[in-house]
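The next block holds one structure in the form of structure tokens; read it before the comments.
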Amino acid sequence: MTSKIGSTVLGYPRIGPNRELKRALESYWAGRSGEAELREVARTLRENTWRGLAEAGLDTVPGTTFSYYDQVLDAAVTFGAVPTRYAELGLGALDTYFAMARGTDAVPPLEMTKWFDTNYHYLVPEIGPDTRFALTDTTVVEQFREARKLGVETRPVLVGPLTFLLLSKPATDGFDPLDKLPELTDAYGRLLGELHRAGAEWVQLDEPALAADRTPDELDALRNTYRRLGDLAERPAILTACYFGDPGDALGALASTPVEGIALDLVTEPSTQDNAAATTGLRDKVLVAGVVDGRNVWRADLDRCLTTAATLLGSAGEIALGTSCPLLHVPYDVDAEPGLDPQVKPWLSFAAQKVGEVVTLGRALREGRDVVDAELAEARAAVADRASAERVRNHRVRARLDSLRPADSQRADYAKRQAAQEKSLRLPPLPTTTIGSFPQTTDVRKARAALRAGRIDQATYRQRMRDEVERVIALQEDIGLDVLVHGEPERNDMVQYFAERLDGFATTDHGWVQSYGSRCVRPPILFGDVHRPEPMTAEWAEHAQRLTDKPVKGMLTGPVTMLAWSFVRDDQPQADTARQVALAIRDEVRDLEAAGIRVVQVDEPALRELLPLRADRRPAYLDWAVESFRLATSGVSEATQIHTHLCYSEFGDVIDAIVALDADVTSIEAARSRMEVLADLDEVGFDRGVGPGVYDIHSPRVPGVEEMAELLKTAVQAVPAERLWVNPDCGLKTRDYAEVERALRNMAEAAHRLRA
Ligand code: GLN
Ligand code: ZN
């Protein structure tokens, strides 16, 4: 019989409670500190995490909670998938790793993409016929020993072999990384042997790819892989973790293999519980019941968690209690937020609190509810308070939603709009514009910091921002752009800015979550019915419009993006939450119009991010996503031109939705894919204004006139010139003025040449 797992979490944040790793990494990359210092920060973070988890009372502690950059990259390095171009640089191990993550002057980094439907981004391994999988790095084993020296027995965690290859991309056309699965499985087998010799009792292999649609061949591959690993004589017990959804048929496949444990996400999809109950193969296995939400920030309903666990008691050999997924996607600690709304705070649970919840649940299951009576009562009270709080349910907002009619999400005929807008705007052919933000200068950032610290007052701060708007308008006039923007200097972030101004949202001071590498985001918390107490942006746009005769474009963040980049409530369908946000934006769009703004852009860069992992869920999502955008933008007259901006060039599954948004003009990332998107749009009959980015703002490189004119020539072949707009790929916030000014002058010149 294998040892117990008991109460556990599947993983933990790693950037550091005060973002210690971020600082250490950035200092190392900038050459301000050496490798020894970085390694010491990393060691301390690991030690604190392991000790903290053990002392909190978890029965078992995950081992590989640390990464210098990304867990997928770690697996690539562990098993020798280092492309030659990085190996050839002749750097030390750590710098080769960072070269893959960030590139060097000589080589670009690996591609980076979203980790399933989270806001975390991983590096995409490149696997080709020449990849030789082997156990080439034993950090996982060393860290197991390191924890043991501290007196903590850990369960090392790795991305599982199937998910690893499914997330990889072929290094050469036509190659299928899955062809390498047997070879990779053998390399995993060797690692399992090493871990066994080091004394590890369990290893955790994460297979979140099972939450997405999988082919019968892939399920066979899953079975074969875990049989092969299971048949090894010398290995730890294997816990395969399936999270981010219901593994569907993959659960039965996995249960038919010799793995000793399976962790299930019982939060994301209600169907998972039935699936587990119906899967007979679990009877001799440990089932880690992921009842505590590992991805969202709400305090768990412990009674309900216990009921869920109890219904599964007969389905598995042992029930252990855990989080639905690793805690990588939530902040560290609610107690680090003295400034957080005091009514909302008790409703929340970040990583540290979730560990406490799992511990309480584990004790209740093992020793009976009585021993944790106080903890259960406290949780019950908090959950009840949240459910009945007035701020969560605003009757006026609800009544307004109930009274909406289909016509509220419907604008006039496009032909009519087009004529009215032409008359109102009088734009030249191939009009030039930007996506909204201009560089956030040190002065702007300093002013914001000074305001926060109370060194300047609100009036002084606003004056500085107004001055900045004046500079940005003057620059655009000088360059000769056609539709101007105010530059967004007053916005710390395109979601947080609005969250701070809307009822129903709370924001944190330290609630950082890793986005990729050293980059973190601080998602607002959408806890209640959303209501806009007063206009949020109109005065800035109005100020800008007074400074110029050219049309100034108002700038708003769309409902889907507001949801995607926040922690959202789990007590009503996302569609309802999105409609509430849409109404607030709708009012803002109207206020902009009333203030004399003739063009309004509602950004939806995250439209594709929330796309469900399972294809059969996508139509319903796209329906509410489109509907909420239309609700936000349909309250204005025919003459008001609505723009939207999207941040990716591969539309795939969302292309029909983009048409359905019914925006007058859509700007979209296109420079890196060299305008490919235009053909895709053409195929689905898109006949509105389109601004394919002609300038890749992700790089400091300034494209020349010739280069942008070439891209525009490609574009006019795909789109009639009357519909074509000229703009960069995205906002200019992260660039500096020297680059931006040159690039925009070149862009304007390229447009002039094409007009001629
Ligand atoms: N208007 C925003 C900006 O320019 C859009 C940002 C985005 O697409 N992520 O910064
Ligand atoms: Zn963008």
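Here the Cβ of each residue, glycine as well, is placed from N, Cα and C on the backbone.
Among the features that TrEMBL reports, active site, proton donor is placed at His698. According to DSSP, His698 (active site, proton donor) is assigned to coil rather than to any helix or strand.
For Arg19 (5-methyltetrahydropteroyltri-L-glutamate binding site), the same-chain residues lying six or more positions away in sequence with a CB closer than 8 A to its CB are Trp512, Cys520. Residues or ranges marked as 5-methyltetrahydropteroyltri-L-glutamate binding site by TrEMBL: Arg19, Glu20, Leu21, Lys22, Lys114, Asn119, Arg519, Cys520, Trp565, Glu609.
Per TrEMBL, L-homocysteine binding site is recorded for Ile435, Gly436, Ser437, Glu488, Asp603. Glu488 (L-homocysteine binding site) carries neither a helix nor a strand DSSP state and counts as coil. Applying an 8 A CB threshold to same-chain residues 6+ apart, the list for Glu488 (L-homocysteine binding site) reads Gly436, Ser437, Phe438, Met494, Met555, Gly731, Lys733.
The feature L-methionine binding site is assigned by TrEMBL to Ile435, Gly436, Ser437, Glu488, Asp603. DSSP assigns Gly436 (L-homocysteine binding site) to coil in the three-state reduction, placing it in neither a helix nor a strand.
Look at TrEMBL and you will find His645, Cys647, Glu669, Cys730 tagged as Zn(2+) binding site. The Cβ of His645 (Zn(2+) binding site) has 26 other Cβ atoms within 10 Å, all protein chains considered.
The Zn(2+) 1 binding site annotation in TrEMBL covers His645, Cys647, Glu669, Cys730.
If you look up TrEMBL, you'll see 7-312 marked as domain 'Cobalamin-independent methionine synthase MetE N-terminal'. Residues belonging to the domain 'Cobalamin-independent methionine synthase MetE N-terminal' (7-312) score a mean pLDDT of 97 in the model.
Feature annotation from TrEMBL assigns domain 'Cobalamin-independent methionine synthase MetE C-terminal/archaeal' to 430-752.
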*For the recorded positions listed here, Lys114, Arg519, His698, which shows the highest count of neighbouring CB atoms within 10 A?*
Lys114
*Which one is closest to Glu669 (Zn(2+) binding site) in space, judged by CA to CA distance, out of the binding-site residues Lys114, Arg519, Trp565?*
Lys114
*Filter the candidate list Leu21, Glu488, Trp565, Cys647, Cys730 of binding-site residues, keeping only entries whose CB is under 6 Å from an atom of ligand 2.*
Cys647, Cys730
*If one looks at the chain holding Cys730 (Zn(2+) binding site), which residues at least 6 apart in sequence have a CB under 8 angstroms from its CB?*
Ile435, Pro605, His645, Cys647, Glu669, Gly693, Ile697, His698
*Fewest other Cβ atoms within 10 Å: which of the binding-site residues Leu21, Ile435, Cys647 wins that one? Let me know.*
Cys647
*Counting only residues 6+ apart in the same chain, whose Cβ is under 8 Å from the Cβ of Asp603 (L-homocysteine binding site)?*
Ile435, Gly436, Met494, Met555, Leu556, Thr557, Gly558, Thr561, Thr644, His645
*Kindly point out which of the recorded positions Ile435, Gly436, Arg519, Asp603, His698, Cys730 have a C-beta less than 6 Å from some atom of ligand 1.*
Ile435, Gly436, Asp603, Cys730
*Across all chains shown, how many C-beta atoms besides its own are within 10 angstroms of the C-beta of Gly436 (L-homocysteine binding site)?*
25
